[in-house]
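Per Swiss-Prot, the features are:
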BINDING   36-43, 167-173, 192-196, 261-264, ALA316  GTP binding site
BINDING   SER43, THR173  Mg(2+) binding site
DOMAIN    28-342  domain 'G-alpha'
LIPID     GLY2  N-myristoyl glycine
LIPID     CYS3  S-palmitoyl cysteine
REGION    31-44  region 'G1 motif'
REGION    165-173  region 'G2 motif'
REGION    188-197  region 'G3 motif'
REGION    257-264  region 'G4 motif'
REGION    314-319  region 'G5 motif'
Amino acid sequence: MGCNSSSEAKQSDKIDRTLYDEKKSQEREIKLLLLGSGDSGKSTIAKQMRYIHTKGFSNEEIATFVEIMHSNVLSSIQILIRNVPVEQLGSDLKDKANYYSSINPYELPLTPDIGLEIDRLWKNEAIQKLFSTNRAELNLPEVTAYCLDQVERISSETYTPTQEDVLRCRQRTTGMKETQFNVEDIKFRLIDVGGQKNERRKWMHYFEDVKSIIFCVALGDYDMNLVEDETINRMEDSLKLWNDIVNNPFFKNTSFVLFLNKNDIFREKIKKIPLVDYFPDYQGGYNYEKGIEYIRNKFFSSVPTATTIVAHVTTATDTENITIVFDAVRRNIIQSILKLHY
């Protein structure tokens, strides 16, 4: 009987030690939720974390981006040729335009010969004019010019995606993708979930144990509408989504980080497209700094008084920028956790 008691005691001690170790491990783990509307740059931030804080992507993973970049090329040129009168392209391109207008961009292999044909279409004067004047109305992917300018390289038989290709390529996030990495003995779990409206109902499944929410908004989206609902302005959608999240009682003890993203696009766009046309109460004209301040204040105005929040102006495709910003974010998150929980 004494032996049984001794055995049970050892087993109990082992269980207690396991539970203690698990608790200590959880204390050194920070779960971050990456939220925002579709095309806000969330997934690019997640990919940057892979490059900055891990060994990046394996050769097998890099290979999967070939097909994604190919589909980016084909879907981009397809949107353009579907929206330009065929007669403006000239008789030598008419048949090619009709063909690429009808294909499935996710199924057609991008061969070198097809790449040359797409390059000719892209450089056509009518296509270039349409791109420069109507890209917002057409909801063109931001990767359009990047991939079409380099279609010869991307369609090469020996093409291997570069780090910039991986960061810039457009792939819609569905469901959940988790990126894990360690910084100074702290394990971070970054949860990226789809931002389109039909994906948002799934978000609540990932709310448990979230220490901080990183919310991405695309600054340059103020003149664009949602792909999934062309009656809704993208910036207005982001503001509503932010309001719903930041005022959710579930997150009363959660810190928030606001990424005012795609700063590079906004810097150029505000010089040409008046912000006041979409937000009548804006009074800063074409001034970049005043535009940033206005949008930041729009988001901050709905934040509860007790909520811990910091904002950063970011360009998700700029690795140096994201490295510096995330280092500051990491420190702020840890300080917020200590303040809220200890």
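Cβ coordinates come from backbone N, Cα and C, glycine included.
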GLY36 (GTP binding site) in three-state DSSP notation: strand
Coarse DSSP state, helix versus strand versus coil, of ASN261 (GTP binding site): strand
Length of the line joining the Cα atoms of VAL193 (GTP binding site) and SER43 (Mg(2+) binding site), in Å: 9
Binding-site residues compared (VAL193, ALA316) - the one with the fewest other Cβ atoms within 10 Å: VAL193
Candidate with sparsest Cβ neighbourhood (10 Å radius) among SER40, GLN171, ASN261, the listed binding-site residues: GLN171
Rounded Cα separation (Å) that holds between ASN261 (GTP binding site) and SER43 (Mg(2+) binding site): 12
Coarse DSSP state, helix versus strand versus coil, of LEU167 (GTP binding site): helix
For VAL193 (GTP binding site): DSSP state (helix, strand, coil): strand
Residue among binding-site residues GLY36, SER43, LEU167 with least C-beta crowding, 10 angstrom cut-off: LEU167
Pairwise CA distance, ALA316 (GTP binding site) versus SER43 (Mg(2+) binding site), rounded so that it is a whole Å: 9
Rounded distance in angstrom between the Cα atoms of SER43 (Mg(2+) binding site) and GLN171 (GTP binding site): 8
